[in-house]
Amino acid sequence: TNVAQITASDQYDPDSDPTTDNTVDEDGDGNGDDDDEDELIIAPAQADLSLTKIVVDGDTTPLVGSEITFEIRVFNDGPQDATGVEVMDLLPSGYDFILYSSTSGLYDETTGLWTVGTVLSGESETLLIDVLVNGTGDYLNITGVISSDVFDIDSVPNNDDGDQSEDDEDNAIVTPVESVSDLSLEKVVVDGDVTPLVGSEITFQITVTNNGPQDATGVEVTDLLPSGYDFVLFSSTSGAYNETTGLWNIGGIASGESETLLIDVLVNASGDYLNIAEVTSSDTIDSDSTPNNDDGNQSEDDEDSAIVTPVISIADLSLTKDVVDGDTNPLVGSEITFIITVTNDGPQDATGVEVTDLLPSGFDYILFSSTSGTYDETTGIWNVGNIDNGATETLLIDVLVNGSGNYLNIAQISNSDIADNDSSPNNDDGDQSEDDEDNVLVSPVDALADLSLVKTVVDNEIMPNVGDEITFQITINNAGPDTATGVEVIDLLPQGFDFVRFSATSGIYDEVTGLWTVGTVPNGSSQSLFIDVIINEPTGTAGEYLNVSEITASDVMDPNSTPNNDDGDQSEDDEDSILVMTETADLSLSKSVSDMNANVGDVVTFTLQIDNAGVDAATGVSLEDILPIGYSNISNISNGGELIGNIITWTGLNVPLTGLTITYEATVNMPTLQAGEYLNIAQITGSDQFDPNSLPDNDDGDQSEDDEDSAFINTPIADVAVTKTVDNTNPSIGDIIVFTITANNSGGIDATSVEILDVLPSGYEFISSTASAGAYNEQTGLWIIPVVSAGTSETLEMSVRVVDVDDYVNTASLEFLDQIDGNENNDTDETTIEPQCLHVYNEFSPNGNGKNEFFVIDCINNYPNNELQIYNRWGNVVYIKEGYDNTFNGISNGRAVVNKNEKLPVGTYYYILDLGDGSEPRSGWLYIVR
């Protein structure tokens with residue numbers, strides 16, 4: 001309640017006393033609250049805020065490492081809305097903040113401040129805070145309202161004394177428990193194979209089981225392989241295994257579940273075979289074991305071991321070697337096949353088996369085949385690999401029997417991973433006394449094969465054209481008695497031929513070296529080589545078309561010839577040659593035009609002369625003639641030429657030794673001054689025959705070869721000069737004058753379609769025109785002349801009236817002609833006049849007012865010899881004066897009928913003005929006004 005009153009005044013107040021308060025009734029109305037005092041009662045805003053804090057789902061004993069959610073709710077039970085509300089909830093050390101959500105405002109996990117803002121009367125706002133439960137720390141989480149703009153009727157913000165006794169503060173206490181998972185580990189050898197063979201693969205299986213009650217996390221197992229094993233690969237149901245550290249990083253194992261690791265290893269011949277595995281890490285407590293505490297006896301259920309006792313394997317290997325078909329007396333140069341057989345009589349499989357069979361000098365390796373492994377002819381090693389108990393592997397080696405060398409071929413087993421009970425690998429002392437080594441001795445005999453060679457051109461095409469494709473055929477015959485092997489032929493193409501392709505019944509041909517590796521030619525048979533070539537242009541080099549072939553090698557003796565001994569005459573039957581002759585035609589082209597000085601529109605004839613200076617008629621000749629823009633209307637094309645666009649082509653022409661003439665006609669177009677517009681170029685573009693001194697279709701623009709030429713006409717040039725004159729340069733206004741325009745052609749050819757422009761300026765009025773040729777159009781100003789012959793002129797006379805407009809410069813100019821104008825400096829001419837300024841003013845008013853008092857004739861002073869006579873309407877002279885000088889003021893000096901010095905009456909008078917210059921006198925009417 002706020003009270004105010006007047007407490008003092010110097011003047012008297014009739015109904016109130018300043019010295020009394022509102023308990024005294026001063027004005028007698030029965031109320032102590034008189035008019036010199038008053039009070040105001042204000043009721044403050046009130047809000048009743050309360051706060052609750054719980055763990056969502058009531059999980060107050062969570063597992064360490066799990067997530068829980070705190071729920072803080074602020075209620076307003078007051079009559080008014082609460083504003084500026086702030087709540088403090090700073091997480092203690094036992095929790096790590098994850099995230100929050102709220103129905104109003106923001107939460108700062110660093111300060112713990114929740115800026116709620118406004119809580120409406122009867123409403124509430126909620127904050128949810130997700131946290132991670134740490135393993136240690138303070139777990140008492142306190143929350144309280146620390147600020148509100150509105151008075152709370154039953155609590156004070158931010159006054160928590162530690163007991164959360166007011167309804168605007170609360171806490172939640174959590175008691176975490178450690179998670180427990182009972183992990184156990186078992187290790188076995190898959191299939192129980194604890195006595196494997198040395199060198200075999202076995203698989204260790206490690207199984208980790210979680211018997212609960214909680215899920216296990218962060219589980220790691222260590223199984224570091226001892227020296228008795230080599231790691232091969234692993235597979236697992238979870239996580240990865242590192243063979244270097246032995247660590248199996250499993251991760252999580254759910255309660256009641258198991259994870260398995262399989263490790264494939266190779267059993268070494270020596271080393272430690274005790275393989276131990278142990279759980280070395282887990283984020284969860286194990287109720288009956290401790291990770292990574294193995295003391296060597298694997299006494300806890302989270303550790304285990306497996307022991308393996310390897311055994312040595314035995315495989316009784318034996319080897320035999322022979323020649324297939326028993327052919328131990330083959331022909332020199334023939335092929336034979338060695339067969340090497342390796343057998344395993346057990347009792348175990350043999351692995352890592354290798355056999356060495358290095359061929360002696362009496363044989364050349366060709367190829368091998370085997371039932372297992374590969375053979376290296378350089379080292380002689382047959383890498384057999386594995387041979388199962390009771391199995392056999394075979395190697396076949398195809399060889400060529402040389403004419404000399406060592407023919408004893410030895411093979412022995414040189415390596416095996418498995419012990420052999422009756423022999424040792426790679427210990428041959430030269431006698432092949434053990435069952436894992438053997439030999440075979442071959443005694444070759446010389447063979448005879450009578451080889452001959454014939455060379456021809458297929459279809460006997462020995463007179464081809466340059467550029468043609470022909471085929472050489474080389475055939476080798478063997479007249480026996482034995483098969484010829486290792487046969488080679490040299491056929492190196494001379495420069496007159498370009499190689500295209502080959503085909504052969506045997507072997508391959510190398511066009512670079514000329515070598516045909518024929519190989520084998522059986523007794524009584526033959527082999528053929530076909531070489532396709534293109535005929536090159538002749539160069540004059542000796543022998544450029546002589547193709548020689550010769551047998552250069554054979555493993556078998558020839559009774560009547562020696563390979564590779566050609567002395568140039570191909571005298572033996574194992575060598576041959578053939579000479580090809582080419583057709584030639586020396587074509588030349590000359591081009592001419594019927595009139596080099598043809599005019600625009602003229603028809604000219606182009607002549608193309610093809611001459612043949614060769615030894616053969618030319619066939620398949622093609623010709624191209626490119627027309628420039630200076631010609632059109634191409635016609636009368638001879639010899640079947642075809643015009644497409646601006647190109648005439650002739651194809652399939654035959655040019656005998658007497659030559660061939662071709663013609664066509666063309667119309668000369670109007671020149672454009674474009675370079676080369678009248679230059680016509682032609683060239684021979686093809687021929688079946690070779691041309692010794694030119695190449696078809698290779699014009700580079702200069703027509704430098706004799707199979708290309710050009711012709712041209714001179715550019716049509718005419719020189720039309722325009723001149724203009726006038727018969728009177730000083731006429732008077734209204735006079736008729738005559739302009740004369742002359743078109744003179746001083747060029748060497750006629751000028752056609754000539755157009756001259758002469759547009760009259762406004763100072764003239766057209767009357768008429770007369771032209772010596774063509775016609776003038778006064779509307780357009782064009783004088784069009786069909787032809788101005790060379791050395792002649794044409795004229796135009798134009799009569800015009802001079803009008804009183806100061807525009808008298810008259811210009812005539814050459815606007816167009818079909819030809820080139822050789823001199824543009826004389827294409828335009830102009831003339832002008834200076835009209836006399838004489839002008840008669842035919843009305844004046846001599847009334848004494850000083851205005852228009854005299855009969856005035858402009859420029860009359862230019863005619864001092866003039867005479868003026870004025871007559872009245874009856875024909876009487878009323879005024880006459882020689883040398884009139886603009887002084888007649890309407891006073892008569894004429895006949896007596898009108899007194900001298902007497903003013904003439906108002907009226908119309910007639911005047912005659914003689915200028916005294918020989919021109920016609922001028923006359924007109926004069927009007928006097930008073």
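Each Cβ is built from the backbone N, Cα and C atoms, and glycine gets one as well.
Residues or ranges marked as compositional bias 'Polar residues' in TrEMBL: 1-10 (among others).
Marked as compositional bias 'Low complexity' by TrEMBL: 283-295 (among others). When Cβ-Cβ distances below 8 Å are used as the criterion, the compositional bias 'Low complexity' (283-295) is approached by residues 65, 178-184, 214-220, 222, 276, 301-303 of the same chain, each at least six residues removed from its ends.
Secondary structure of the compositional bias 'Low complexity' (418-427), assigned with DSSP and counted as helix (H, G, I), strand (E, B) and coil, comes to 0 helix, 1 strand, 9 coil. Annotated compositional bias 'Low complexity' per TrEMBL: 418-427 (among others), in sequence order.
Long-range contacts of the compositional bias 'Polar residues' (687-696) within its own chain (CB-CB distance under 8 A, at least 6 residues past either end) are made by residues 465-467, 537-538, 582-588, 614, 616, 618-622, 705-708. What TrEMBL lists as compositional bias 'Polar residues' is 687-696 (among others).
Look at TrEMBL and you will find 48-159 (among others) tagged as domain 'DUF11'.
As a summary of secondary structure, the domain 'DUF11' (182-294) carries 3 helix, 66 strand, 44 coil according to DSSP. What TrEMBL records for 182-294 (among others) is domain 'DUF11'.
Positions annotated as domain 'DUF11' by TrEMBL: 316-428 (among others). Predicted-model confidence for the domain 'DUF11' (316-428) is 92, expressed as mean pLDDT.
The domain 'DUF11' feature in TrEMBL is assigned to 450-566 (among others).
Residues annotated as domain 'DUF11' in TrEMBL: 586-696 (among others).
Per TrEMBL, the feature domain 'DUF11' maps to 719-833 (among others).
The region 'Disordered' annotation in TrEMBL covers 1-36 (among others).
What TrEMBL lists as region 'Disordered' is 283-305 (among others).
The feature region 'Disordered' is assigned by TrEMBL to 418-438 (among others).
Per TrEMBL, region 'Disordered' is recorded for 553-574 (among others). Same-chain residues lying 6+ beyond the ends of the region 'Disordered' (553-574) with a Cβ under 8 Å from its Cβ atoms: 331-333, 400, 403, 446-453, 482-488, 490.
Per TrEMBL, region 'Disordered' is recorded for 687-709 (among others).
Taking H, G and I as helix, E and B as strand and the rest as coil, DSSP gives the domain 'DUF11' (316-428) the counts 3 helix, 66 strand, 44 coil.
The helix, strand and coil residue counts that DSSP assigns across the region 'Disordered' (687-709) are 0 helix, 3 strand, 20 coil.
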